[in-house]
C-alpha cells in the first residue's frame, strides 16, 4: 500500500469518528432527545376516592326460629315472597300443646268450681256465726244478771267460737282456691301461648331472603334457646355494603359521603350508596416469615340506594343479594371544582439536594432509627414535575399537591395552566429526567411503537 493511500484511509477514519461524535452531541444529525409523552396542565373537577372491599348484607335481616319443637305441617312461603308483619308463614304440629291447653282449662274450671262451692258454704257458715254470736251476747247479759249459770254461758260461748273458727277456716279455703284458680289460669295462658307458638308469623314487613326448611321437616325450639333457623325476613328497602377501610384512609371518610359499589356477582353493574355509619376498628394480624404486623381497619357501612337495584327484584325468585356477597366500593370523600391539575404519572419525587452532593442527615442520639429515617425522607424529598418548553428542553418544577382521583392530582403551586408536563414513560419521569434534559414529545401510540422490537 502506498504512503498516500495510507494517509487517505487515516483521514477518512478520523472524519467518520468525528462525525459520529458530533452527531451524538447533537451538533447535527437531528438529535431529538428522549421520546416522551406530555400533557398540558389544566383546570378540572377532581373527586378524591377511597377504595375498599367487603361484603353485602340487608341492613335489617331477621332470623325466624320456632319456640316449640315439632313437624312442619304447613309452609306458606317460598324464597322471594313479600310478606307483611303478622302474616302466617308456617304451622308446626301442635296436638301435644293443644292437649296440655285442654288439661289446663279443665284445672281452671275445677278450681273455679271449688271456689264457688266454698263461697256457698261461707254463706251458711256466716248465718250460723251470726246466730251463735247473738246467742253468746244474750247469754253473757243473762250471766251478768245472774239469771243463768256459768255452764250455760260457756255452752253458748263454745258454740260461738266454733262457728267463728269454721267461718275463718272456710274463708282461708276460699282464698287458697282463688290462688289455685290464678295458678291454673297462668298455666292455661302458657298452654295457649304454646299452641299459638305453633303458628309462625312474620315479625316485620319484608321479603323472604332465605328459606332453610321444607314442609314435613322437624324443627327444634324452646323458650330459652335459639331454635332451628327456618327462614330469614329482610328489609329490601335498606341494603348495605360493609367495607373495611385502612387507618390511613379513614380520616378522609365521613358520614354522608357518596359511594359507587360494585358486587362481584353482578359484573358490569354499579350501585349508588351513601355512608351512614363508621364502626369501631377491627385489628388483623398479618404475619410473614420475618415479621408480624397489626393492621387496623374500620368497617364502613354504605347504604345502597333502592333505585340502584329495584330492577333486580323479581317476585317469586330468590332475593338477588345474598349475605356475604363480595363487594368493592369507591367512596367519594372530597371534591374540588375547577382546580389546576396534571396526570398522576407526571408527579414524581426527587432528592432536594439532587446535584448538590450527598444529603446530610442531622444526628439525634435520642431518636430511634425509624424516626431518623422518616425525618430524613420528609426533609430531603420533594414532589416535582418536569415541564418541557417549545425547544424540547426540560425544566424541573417543585410543586405542592393536594387531592387526587384515579387519573389526576391537584397542583396547589409550582406551575400554571398551560404548562406542558411530561407524563411518561414511567422510568424516564421517575429516574432519568433532570434540568436541561433534551426530549422529544410524541403521542402515546408513537411511544408504544418505539418500544416494539423491529422484525
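Backbone N, Cα and C define each Cβ position, glycine as well.
What TrEMBL says about this one:
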- 108-142: coiled coil (COILED)
- 62-220: domain 'Multidrug resistance protein MdtA-like barrel-sandwich hybrid' (DOMAIN)
- 242-304: domain 'YknX-like beta-barrel' (DOMAIN)
- 384-424: domain 'Multidrug resistance protein MdtA-like C-terminal permuted SH3' (DOMAIN)
Counted with DSSP (H/G/I as helix, E/B as strand, rest coil), the domain 'YknX-like beta-barrel' (242-304) has 3 helix, 42 strand, 18 coil
Which value does the mean pLDDT take for the domain 'Multidrug resistance protein MdtA-like barrel-sandwich hybrid' (62-220) in this predicted structure?
81
Run through the domain 'Multidrug resistance protein MdtA-like C-terminal permuted SH3' (384-424) and tell me, per DSSP, how many residues are helix, strand and coil.
0 helix, 27 strand, 14 coil
